[in-house]
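Accompanying notes for the structure given below.
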């Protein structure tokens, strides 16, 4: 009996053949040369019926292929949300799947996992809120579920630094409403205003008390980092001073 046919049946969603092969004694966790199981392929296709059949037959929802991917991770990457409830009920690595969903902008999957009680930790020193700081919908969702808006990544950046760097005014406003320190400095001594290069972001940060002339570890102000002419103009109009940094270099003011 060639149990590799179980893999082919899962790839094609052939439920009758799957059932027969399982009844004949094939392991539901047979692997191909890539370390992938029938459940992996069913999850990748988003085949709810086949996923349910394999899990009931004892398939391991936590089996990883040679790239380290589990069925729930590949389902999330493939945006097959329908199978996530089945997989998340018995799978470990759901937090990893949550990061994958957020990274791919899969709002529905993120909402589902948060609603089931999955709470993100930090991945490589980066919180989930740092990761999605350019996506207002996900920022709002994570804040609603109590994710820390003041978390710092490995470089000392907060989500507000990241939202400013993304020039996402909606994200910046959502975070500012949570009351973070608008002048918090990262490991380079930069405040969120140092990263903002969008007029709307700059206006929001200043409205909440950002220091126009804060200096970083190199003695540079936000004006030194302004690459957009309108952003530079907004800073100057509100009182930014073109002072030299610690190397004696003045800001280069871009034109509009």
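Just so you know, glycine gets a Cβ as well, placed from its N, Cα and C.
The annotation repeat 'ANK 1' is assigned in Swiss-Prot to 1-30. Beyond the ends of the repeat 'ANK 1' (1-30), by six or more residues, the same chain brings 36-39, 41-42, 45, 47, 49-50, 53-54, 57-60, 63 to within a C-beta distance below 8 angstroms of the stretch.
Annotation comment: Swiss-Prot describes 34-63 as repeat 'ANK 2'. Across the residues of the repeat 'ANK 2' (34-63), the predicted structure has a mean pLDDT of 95.
Look at Swiss-Prot and you will find 67-92 tagged as repeat 'ANK 3'.
Residues or ranges marked as repeat 'ANK 4' by Swiss-Prot: 93-122.
Marked as repeat 'ANK 5' by Swiss-Prot: 124-151.
For the repeat 'ANK 6' (155-184), same-chain residues at least 6 beyond its ends with a Cβ under 8 Å from one of its own Cβ atoms are 125, 127, 129-130, 133-136, 139-140, 143, 149, 190-193, 195-198, 200-201, 204-205, 208-211, 214. Per Swiss-Prot, repeat 'ANK 6' is recorded for 155-184.
According to Swiss-Prot, the feature repeat 'ANK 7' maps to 188-214. Residues 155-156, 158, 160-161, 163-165, 167-169, 172-173, 176, 182, 220-222, 225-228, 230-231, 234-235, 238-241, 243 of the same chain lie 6+ residues outside the repeat 'ANK 7' (188-214) yet bring a C-beta within less than 8 angstroms of a C-beta in it.
Tertiary proximity for the repeat 'ANK 8' (218-245) is limited to same-chain residues at least six positions away from its ends with a CB under 8 Å from its CB atoms, namely 188-191, 193-199, 202-203, 206, 212, 251, 253-256. Swiss-Prot lists 218-245 with the feature repeat 'ANK 8'.
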So which residues does the repeat 'ANK 5' (124-151) touch in its own chain, when a touch means Cβ under 8 Å and the partner is 6 or more beyond its ends? 98-99, 102-103, 105, 107, 110-111, 114, 157-160, 162-163, 165-166, 168, 170-171, 174-175, 178, 180-181, 184
Positions whose Cβ lies under 8 angstroms from the repeat 'ANK 3' (67-92), at least six residues beyond its ends: 34, 37, 39-40, 42-48, 51-52, 55, 61, 100-101, 104, 106, 108-109, 112-113, 116, 118
